[in-house]
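Heads up, the thing below is written out as structure tokens.
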């Protein structure tokens, strides 16, 4: 960037400081390239680097593991766990573990979480060895089935015993899957008890994003979303950023516990700072009120044209409605491919909403027969978020 093209509004003295700073930044980039190629750097590469694991449990978790393996995440080990040998064989991961062979014979848990739980407990010794010395563990699963719902809480418990920060990332069933919804509620509660925090992504929200996509591609969107979220968090910790988030920051926010809500937005418009905030706040992937969140992790990715003022405005607007006591940590990263655009990801932790799927159940619009006619009841108002305050949205 040419320092002469940067104009300062605080007078000539500040202009000189700005120009000198820009010149130093260019030199610093050269030093960093030299250091990264030096022999000494290779010897100390692993010092101070957290060990990050991604553990996919069950069919949905294995799909996510495959997606993350294909995307490629530097400095992260991907592990797939299943009771179904065929599913596990199709999965791509750095390490695969078939659990419960003596009780399932490699044929799966049959949709029974208790079977998945027993399978994981029988393999507790093996899982402890794999999870040992880990610092941050992401446990991914689809809630409502047998293996993911039963295995994920056991994996989270073992990882926590090993001293790791444990983040659950799970998807929830569609409302029509009544039996799976009940199992999912129990599974998420058990995972919340074992993990430091759980990010729940509602499959029903996919209907708003990709209503016309075939089922396979629609579920692929959820896999991609989970994968890019984990990659974004991992890259922020392990790679240089404009404003760094380190492992200690992650630990602080995730220790807030409870259910977490993830917000995601992108924009390439002229007013990208406002648009990306509006996009994120209007499309939460879990329909609960997050304003009582006790912690928030915000990560912004932009092109070389992203300014510090724009990044700060995005972080400030996203957290506008949170309590003044909320622990907010934010970081920003520059990538060439985002020239002219910006992406933001925010994770609100410690959300007080006790009901996750229960709330979704209540939002169904019942049909009543009145005097021989079938009439639809008026939609129930729920509190949503706009750019600068609460708005009323209606469930249609």
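In case you wondered, yes, glycine gets a Cβ from its N, Cα and C as well.
Of the residues 94, 114, 223, TrEMBL places 223 in the same GTP site as 59, 60, 61, 62, 63, 146, 147, 148, 177, 180.
With every protein chain in view, the residue among the binding-site residues 177, 223 whose Cβ has the most Cβ partners within 10 Å turns out to be 223. Looking at 59, 61, the binding-site residues in this record, the fewest other C-beta atoms within 10 angstroms of the C-beta turn up around 59. Counting only residues at least six positions away in the same chain, the Cβ atoms of 57, 58, 59, 81, 82, 83, 84, 108, 109, 116, 119 sit under 8 Å from the Cβ of residue 147 (GTP binding site). The domain 'Tubulin/FtsZ 2-layer sandwich' (243-360): residue composition by secondary structure is 37 helix, 36 strand, 45 coil, according to DSSP. Across the residues annotated as binding GTP (59, 60, 61, 62, 63, 146, 147, 148, 177, 180, 223), the widest Cα-Cα separation comes to 21 Å.
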